[in-house]
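> Input: one structure, supplied below.
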Protein chains: 2
Amino acid sequence: MTYIAMLGYGTVGSGVAELILKNRNKFKKNIKDELILSKVLVRNLEKHNESNNPSIFTKDVKDIFKENVDIVVEAMGGIDPAYEYVKKALELKKHVVTANKDLIAEHGEELLNIANKNGVILKFEASVGGGIPILKSINECLVGNKIKSIKAILNGTTNFILSKMSKENMSYNDALKLAQDMGFAESNPESDVMGYDAARKLSILSTIAFKKKINWKNIKINGITNIDPMDFQYAQSVGFEIKLLAIAELQKNSIYASVSPVMVRKNSTLGKIENEYNAILVDGDAVGDVVFIGKGAGKFPTASAVFSDIMDIVQSKKENRILFDTKEASINTIWRKENKWLLRINTKDRIAAMSGLVELFPYCNIVAKSKYGLENEVAAFVKSENEAILDKNIRMLRERIDCNNVKKIMILEDE
Amino acid sequence: MTYIAMLGYGTVGSGVAELILKNRNKFKKNIKDELILSKVLVRNLEKHNESNNPSIFTKDVKDIFKENVDIVVEAMGGIDPAYEYVKKALELKKHVVTANKDLIAEHGEELLNIANKNGVILKFEASVGGGIPILKSINECLVGNKIKSIKAILNGTTNFILSKMSKENMSYNDALKLAQDMGFAESNPESDVMGYDAARKLSILSTIAFKKKINWKNIKINGITNIDPMDFQYAQSVGFEIKLLAIAELQKNSIYASVSPVMVRKNSTLGKIENEYNAILVDGDAVGDVVFIGKGAGKFPTASAVFSDIMDIVQSKKENRILFDTKEASINTIWRKENKWLLRINTKDRIAAMSGLVELFPYCNIVAKSKYGLENEVAAFVKSENEAILDKNIRMLRERIDCNNVKKIMILEDE
């Protein structure tokens with residue numbers, strides 16, 4: 001018998017409970033063990049009076065830490081009090097499974113060390129990519145590879161908003177409102193639309209992939225709040241989509257790490273990921289490109305990943321612990337390879353801007369004014385040896401001409 | 001120390017040897033173990049005189065079975081003598097890793113039982129999908145799911161040929177010849193182009209996914225030898241591609257299992273898989289659709305999967321053994337759900353064929369003759385409640401009119 005206690009009974013928690021119940025007998029035979037959900041911490045006991053098994057619900061967290069509990073599933077979300085509870089569970093030598101990316105991105109290293117010291121396991125497959133089996137794939141299946149890069153769509157809310165803006169010409173505000181009305185976005189959408197959520201997931205993913213610590217606060221983060229319908233028009237004029245991409249790539253002994261709106265070919269694997277789907281493209285030196293696509297959030301996709309973590313623990317694979325490396329990676333937020341970008345220069349002096357562009361960029365494809373025709377704007381696709389040179393050239397351009405703003409969007413041609 | 005002996009040193013074998021060497025030190029620290037490639041069985045010793053370490057090569061298979069060998073990697077391919085060698089290794093209580101789909105599809109059940117009886121592990125991740133971590137993902141990561149369907153492109157050779165026929169209007173024979181010249185197809189391509197290779201892989205994949213034995217010989221198998229340029233014209237006229245799809249799907253308590261050319265939307269995930277890439281779309285009841293894409297063959301992709309199997313064994317995860325179920329699945333080769341098909345009716349009496357079609361099929365979209373204009377052909381997209389009814393209607397049509405042949409191709413609209 002394996003006794004499981006759960007913190008929280010919201011969307012994820014109730015999904016996990018359902019999967020445990022559903023699979024309880026299925027595994028009796030195979031693993032000669034039985035999964036029992038013995039306690040669930042909730043805020044409001046009355047809400048669960050009508051449930052099939054009201055006695056498992058408790059308001060007292062002490063019940064979760066009782067001696068006979070083997071595994072604690074943390075399904076509360078947020079840092080406080082999840083952090084304290086998980087820490088305590090580990091110190092009491094209970095295995096812990098969580099889907100909480102905020103918690104792992106913020107305190108993963110410390111919590112994994114506590115787990116290790118206490119001879120128990122902390123697992124968090126659902127924290128990145130929801131139901132997509134990505135952490136285990138990188139950690140176990142691609143173990144013979146040196147990971148060269150990760151390019152991923154890790155946030156369903158922003159992907160939904162960008163899809164609506166692109167396909168239905170919605171404004172950012174209208175698309176956000178629709179996402180909120182449909183329950184895809186929270187009333188306070190900051191963590192999603194500012195890119196923080198994707199950055200936390202990228203930090204977990206890349207810390208495991210590159211075996212170096214990638215603090216999410218060191219990642220370059222640009223959200224989607226700045227993207228407007230014109231950006232989509234420009235992108236579409238060359239057959240591209242705009243996606244909020246999380247990128248981590250080994251570049252000259254350091255790791256480029258960013259979350260930002262990027263153009264990808266409309267017909268590419270990443271360009272075709274719509275709405276709430278996530279996609280993760282991993283490039284390993286032996287295996288080449290491997291792509292994982294699936295639902296990045298939601299009750300059962302998340303519960304599916306949590307449940308596989310539970311089964312891993314039940315099968316006592318304690319040997320294959322994921323450990324976060326404590327060695328800080330050298331992170332760079334400047335793209336160090338030749339690439340193309342879209343520049344949108346807000347200026348009254350279009351002629352000067354155009355001649356400046358042509359002088360500064362050997363490859364410069366200026367979008368005809370007549371095409372979209374913003375009065376005070378020059379748009380151009382430019383190529384640059386790397387992002388530092390690009391930024392330097394933009395600075396030089398701004399010195400030469402009278403301009404209010406220069407907006408740049410990176411373009412990925414090969415994904 | 002873990003001592004590894006290898007059978008064969010061709011493309012896969014030499015790739016595995018290189019990965020072992022490369023990762024030898026990387027894992028010394030992590031797993032406190034060291035991987036030593038101690039013996040390699042080859043046919044011709046002289047060929048390896050110049051290698052860095054000629055003493056590891058042997059012509060005597062007895063060296064492979066020596067007492068100090070922990071893991072045997074089978075990299076010979078084919079059934080004979082791989083079957084005898086693998087059986088013997090397992091009986092001598094050596095773990096075995098193989099990439100050999102023919103062997104596993106043919107003798108997997110017996111070999112897994114021998115492994116089990118002897119307390120050792122038999123692993124074969126590379127046998128399906130090359131470097132794509134699909135068996136472990138299904139077996140461990142999707143463990144809480146009931147798998148509803150698998151739709152996959154599992155053979156790179158045929159995918160290459162179909163890509164060339166579609167994109168460059170090549171004939172089947174020219175595309176096959178190009179594939180052979182480029183080393184993608186063998187001089188005897190039968191196993192690939194007839195669909196046998198994909199069927200063997202589907203049998204392994206679906207036996208694990210559905211936990212019922214799917215004998216590859218019970219799978220409906222149609223190769224690509226019958227596909228001609230006109231099929232692509234018809235497909236393209238409605239925005240579709242033709243792919244050799246392996247499908248296994250729970251339909252009314254039995255499992256539909258087939259390998260055949262199928263139309264998928266040009267812009268769908270499967271429609272966009274080109275050349276040597278493989279893709280596997282798994283639908284689980286909790287997780288929803290999950291897609292895995294990567295290189296299905298080749299030296300290092302295959303070696304990457306073999307190496308992860310080796311590491312799994314080194315880490316002694318003996319608890320999570322894959323077992324083939326001995327209970328025979330009820331397999332059906334008739335598509336039991338409503339679907340669309342392309343019918344190409346070879347007849348001199350086009351008028352009768354058309355009126356017959358319209359009578360027999362409530363949904364029937366006849367392709368205008370002027371469009372591609374084969375003199376003796378009527379082509380139509382038809383919808384049918386299921387494939388049995390479709391076949392019955394085709395029989396009725398053939399009774400009514402004078403026709404030489406009716407060719408049907410299934411269409412998947414939602415992948």
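Positions of Cβ are set from backbone N, Cα and C atoms, glycine also.
Unlike curated entries, TrEMBL annotations are predicted automatically.
Checked TrEMBL, it gives:
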type     : residues                                                            : note
ACT_SITE : B:LYS201                                                            : active site, proton donor
BINDING  : B:LEU7, B:GLY8, B:TYR9, B:GLY10, B:THR11, B:VAL12, B:GLY13, B:SER14 : NADP(+) binding site
BINDING  : B:LYS101                                                            : NADPH binding site
BINDING  : B:GLU186                                                            : L-homoserine binding site
DOMAIN   : B:8-124                                                             : domain 'Aspartate/homoserine dehydrogenase NAD-binding'
DOMAIN   : B:133-311                                                           : domain 'Homoserine dehydrogenase catalytic'
> Let's check the environment of B:THR11 (NADP(+) binding site): how many other CB atoms sit within 10 Å of its CB?
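Result for B:THR11 (NADP(+) binding site): 17 other Cβ atoms within 10 Å.
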> For B:GLU186 (L-homoserine binding site), what is the secondary structure state per DSSP, taken as helix, strand or coil?
coil
> Suppose we draw a 10 Å sphere around the Cβ of B:GLY10 (NADP(+) binding site). How many other Cβ atoms does it contain, all chains included?
12
> Tell me, roughly as an integer, the mean pLDDT over the domain 'Aspartate/homoserine dehydrogenase NAD-binding' (B:8-124).
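Overall, the domain 'Aspartate/homoserine dehydrogenase NAD-binding' (B:8-124) comes to a mean pLDDT of 92.
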> Within 8 Å of the Cβ centroid of the NADP(+) site residues B:LEU7, B:GLY8, B:TYR9, B:GLY10, B:THR11, B:VAL12, B:GLY13, B:SER14, which other residues of the same chain have their Cβ?
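Apart from B:LEU7, B:GLY8, B:TYR9, B:GLY10, B:THR11, B:VAL12, B:GLY13, B:SER14, the close residues are B:MET6, B:GLY15, B:VAL16, B:ALA17, B:ALA75, B:MET76.
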> Which number gives the other C-beta atoms within 10 angstroms of the C-beta of B:VAL12 (NADP(+) binding site), all protein chains shown included?
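Step by step: centre on the Cβ of B:VAL12 (NADP(+) binding site), count other Cβ atoms within 10 Å, giving 29.
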> Which ones in the same chain are close to B:TYR9 (NADP(+) binding site), with CB under 8 Å and 6+ residues apart in sequence?
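Once residues fewer than 6 apart are set aside, B:TYR9 (NADP(+) binding site) is near B:ALA17, B:VAL40, B:LEU41, B:VAL42, B:HIS48, B:PHE57, B:ALA75.
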> To the nearest whole angstrom, state the Cα distance for the pair B:GLY10 (NADP(+) binding site) and B:LYS101 (NADPH binding site).
16
> Using C-alpha atoms only, work out the spacing between B:THR11 (NADP(+) binding site) and B:GLU186 (L-homoserine binding site) and round it to an integer in Å.
14
> Quick check for the class: what is the C-alpha distance, in angstrom and rounded, between B:GLY8 (NADP(+) binding site) and B:LYS101 (NADPH binding site)?
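Rounded to the nearest whole number, the Cα-Cα distance is 16 Å.
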> Looking only at B:GLY8, B:GLY13, the binding-site residues on record, which one has the least crowded Cβ, with the fewest other Cβ atoms within 10 Å?
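Each of the binding-site residues B:GLY8, B:GLY13 was scored; lowest Cβ tally within 10 Å is B:GLY8.
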> Under a three-state reduction of DSSP output, how is B:LYS201 (active site, proton donor) classified: helix, strand, or coil?
helix
> Using Cβ atoms only, which residues of the same chain lie under 8 Å from B:LYS101 (NADPH binding site) while being at least 6 residues apart in sequence?
B:PHE124, B:SER127, B:VAL128, B:ASP197, B:ARG200, B:LYS201, B:ILE204
> Could you break down the residues of the domain 'Aspartate/homoserine dehydrogenase NAD-binding' (B:8-124) into DSSP helix, strand and coil, giving a count for each?
58 helix, 19 strand, 40 coil
